[in-house]
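Listed in Swiss-Prot for this protein:
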SIGNAL    1-16  signal peptide
DOMAIN    17-111  domain 'Ig-like'
DISULFID  CYS38-CYS108  disulfide bond
CARBOHYD  ASN87  N-linked glycosylation site
Amino acid sequence: MLSLLLLLLGLGSVFSAVISQKPSRDICQRGTSLTIQCQVDSQVTMMFWYRQQPGQSLTLIATANQGSEATYESGFVIDKFPISRPNLTFSTLTVSNMSPEDSSIYLCSVE
């Protein structure tokens, strides 16, 4: 059975907002799902979810506004990467049906 190593990083302090992301890393089995939480210490309008695959630059997955559906970038779909944004300080990204191609660094950022 193939295991996938994921590094999950938050972009520390941005414009005086402190971001924490959990879990900080995880190893997942093929076919499983992983939910990543992003918590901000102040209310923010927009949250962004990124992925960085080995040897590649950061790629924006989606932008999440509180109270509305996330806006996905080309190549990313809600079925694979569902995002929740229940309030102005919290968001989750789920990576569904994990495969070797999902081995990446995932991170959130705010504006």
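Just so you know, glycine gets a Cβ as well, placed from its N, Cα and C.
Given the structure is predicted, the values throughout are model-derived calculations rather than measurements.
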Legend entry - Sequence-distant neighbours of the residue listed as 'N-linked glycosylation site' in its chain (C-beta under 8 A, six or more apart): GLN66
Inset, instruction - Quick one: give me the count of other CB atoms within 10 A of the CB of CYS108 (disulfide bond). - result: 26
Inset, instruction - On the DSSP side of things, how many residues of the domain 'Ig-like' (17-111) fall into helix, strand and coil, could you say? - result: 3 helix, 51 strand, 41 coil
